[in-house]
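According to Swiss-Prot, the GTP binding site annotation covers 28-35, 94-98, 148-151, on the basis of sequence analysis. The annotation domain 'tr-type G' is assigned in Swiss-Prot to 19-260. Residues or ranges marked as diphthamide in Swiss-Prot: 597.
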């Protein structure tokens, strides 16, 4: 039996022992060393050769990732680790740290129970560290901390033992501050990381060594020894005494929960069904014999096997050859293969039980976020995956050769399945399709993926996505149906800030409001009692309130009114961009007694026109997407860097100093960020580190609004000037 076969046999055996499984993610800011760390963990587990680890970028098996040297997708791998004479199955997901790929982090966090947060000792905790930690804690994922690149503190910054310890304590206190702010209430204390119990380790992923307090006690290696090893260029010897994989995987086994422990508190948080039901109990006890429950976190397309869905089995076992039911798409399909990952390759098994990360071939039509169960035991679906950022940059994509048109549409649908954070609009009439993503790099990689699937394309210059809103209360507006027999009286005003923020952060759910149980939630975030009890629908961070009393037949047209409200918000009156942050009230309605005269063809135009007219008479405003930009640069380059930000309509939010490095935090409109990478590099002569993260939408300066509205409308083939309210209700 070869070593590989032995390893696979162990994996197949351990996956039936949920106490011995750890599902973990590795997450960090870009370039803090996640993939190098993952490679060396694999080498320690005997999966790749130690010489190649670190340079091999084993988990970056996409050509784009190897070429750019960054992780774009979240990659999966399973390995076996021996800790205190017990064997454990560790399922590892390496996630991207670049802000444009934050969607992969969100999806990976749904599949895991624990996270190793990697922080660079030189740079400390950076904005993206905070974002990935927030995503982990939001999904109830427990963190441990690894401080990486310690050799650089010693060899480049020449720090003494006391200074080293001080640097570590700063990072660890900062990490705990974030954990205490963002962890679930009952876990704030329990999940704080601690040097003494070994839930914090430090080392060098590149040089393959790591140490924590328990390991120091066991081996007798102390801070001074570490400095000597680094100074004498003997890190290879150090790696033999305190190997990275021993320390890190030991920390994972000791401090991160098994599925058996974590599913008890995670399932109620991500599944809306009845916990007392057989499915609920099966998930909470991680039973391989309970009703099947799988949450799909990722879908990729394989040249030979077709669509491959990766996900987490929460309950029951998924078996090869059985029929399964996809809850979201209401469809059945037959499972052709199931199995687990072993590096980039997939290992087929007959079944994969609860508590494991699984791949499934044959779940046709599944997308990330789908719930798979058995057709006999249908269950409620898992909660949707909330991505922290939303697509803000769009490119138009066309096929270079007309013969590729049908293939391009197929490929775009595939790409949208593989990466749910992008938005694809397919227009079969014009052949111009729009792809929206999180930023320039995200769209470049998507264009590359389309070409990789065999379609040559042309892309337009990137276009920024705007939003529409209003700045004041409108007068009451009357919307008439084409037959003049139905009338609706509507006002609009800006939504309360507190409520808008709660919707943006996902504290309140969007969708039709059932019954009055949500009234308290709306009141908590600023609606008065009367309004809170009468909310009909929440959509695009806007609410639709029925403020009428005793109108005959209103219930019969309620669904149509909601449909009209939602479709009007999808393309606002100002520039056909999505509208958000609005509070609409229906004050009165006059309806024809005969149902024939109040069908969709009458009600939909009436309500849409009333909504458009009310918005156009309430100070219509464009909102533009903003990015936070963080820059680390030597003091001497602070001036040129701040000028670069200010030349792009940016505002400086905060400036700080750490040693001889300056830190600048700023906010810049996305529209001004194109080409920033090259410009900031030349401003600081290459001596700066920078990163961005989404910062929501803000009002466009009034003096720019007319020009930008005109440009958007012309691009969309509309008349250059938006229509006034009288056009809609005249």
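Quick reminder: no glycine exception, Cβ is built from N, Cα and C everywhere.
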Using the alpha carbons only, what distance in Å do you get between residue 597 (diphthamide) and residue 28 (GTP binding site) once rounded?
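Here the two Cα atoms lie 59 Å apart.
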Going by DSSP, give the three-state secondary structure for the residue listed as 'diphthamide'.
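In three-state terms, the residue listed as 'diphthamide' counts as helix.
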What residues, ordered by sequence, lie under 8 A Cβ-to-Cβ from residue 150 (GTP binding site) and sit at least six positions away in the same chain?
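Listed in sequence order, they are 121, 164, 202, 203, 204, 226, 230.
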Helix, strand or coil at residue 28 (GTP binding site), per DSSP?
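SS state of residue 28 (GTP binding site) = strand.
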